[in-house]
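K.L.:
Okay, these came from Swiss-Prot:
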type     : residues : note
DOMAIN   : 19-141   : domain 'SIS'
ACT_SITE : 198      : active site, proton acceptor
ACT_SITE : 214      : active site, proton donor
ACT_SITE : 294      : active site, proton acceptor
């Protein structure tokens, strides 16, 4: 497999230069998505938006007439997101769809919803730069915020440094169970876990600081049949002290800018997972069980989705 993370700077740049539909004023924001299409909405929580923001990663959703819904499904056929969007449209007509096509684009067309198209032919987790860039552009227009979206590109220009760190991390992780901790960057700790799971087919977990200091930290006080490898994404002095106490590998954000750090840390997660996959001799792009559960999920919801589409 050609390493898709090597193309991220181009992906970010393309998303910056692509025209998107005009966005109406946003009073409340709801994000629908799951898996690789859901994690950009989770990472958006880091920004602490100036309006009520809710993330739903499943088929259950709560919206009202004030809600602007962003429904993201890379394939366009994510059952849970389709069901959640159809449920949302019973309460609000303010919705935006981000997809490469599929059933959700058909629904958007039927309901005259704006669509932002993603390129086809990639795994969902690899298109993060497109989705997240579009999200920032949407909130800048809909909320009147002024995030410098160009900082996403600037955050990954030091690719060689991130690549070097990823190699060190992967070599340290192999043979151990990584647990990634953070406070401010907790959503990126979750992304690290997901990337290692999907690309390397390897166990990984994450937890929140300082919450873990009051329970999970005791894992490191006694010998265990498992070899854990703690990693802390450091954002403050308490993160630093927590890392020192459990002898964790420390990841320091490279920048003062939150968008630069989101881009660089997310890229680091991807690079680390691919390096780990190479060490393990597994194919990052290959999925074995996920397609099976997608098919079973669709069969469970097929009748409800078809009924809602006909309303």
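Glycine is no exception: its Cβ is also placed from the backbone N, Cα and C atoms.
Map these features onto the structure and tell me what's around them.
P.N.:
Mean model confidence of the domain 'SIS' (19-141) amounts to 97 (pLDDT, 0 to 100 scale).
When Cβ atoms from all protein chains are considered, those within 10 Å of residue 198 (active site, proton acceptor) total 21, not counting its own.
In the three-state DSSP assignment, the secondary structure recorded for residue 214 (active site, proton donor) is helix.
Annotation note: residue 294 (active site, proton acceptor) sits in a helical segment as assigned by DSSP.
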K.L.:
Fewest neighbouring Cβ atoms within 10 Å: which of the active-site residues 214, 294?
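P.N.:
Each of the active-site residues 214, 294 was scored; lowest Cβ tally within 10 Å is 214.
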K.L.:
Could you measure between residue 214 (active site, proton donor) and residue 198 (active site, proton acceptor) for me? Cα positions, answer in whole angstrom.
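P.N.:
So the Cα of residue 198 (active site, proton acceptor) lies 30 Å away from that of residue 214 (active site, proton donor).
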K.L.:
Tally of helix, strand and coil residues over the domain 'SIS' (19-141) according to DSSP?
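P.N.:
Taking each residue of the domain 'SIS' (19-141) in turn, the totals are 49 helix, 25 strand, 49 coil.
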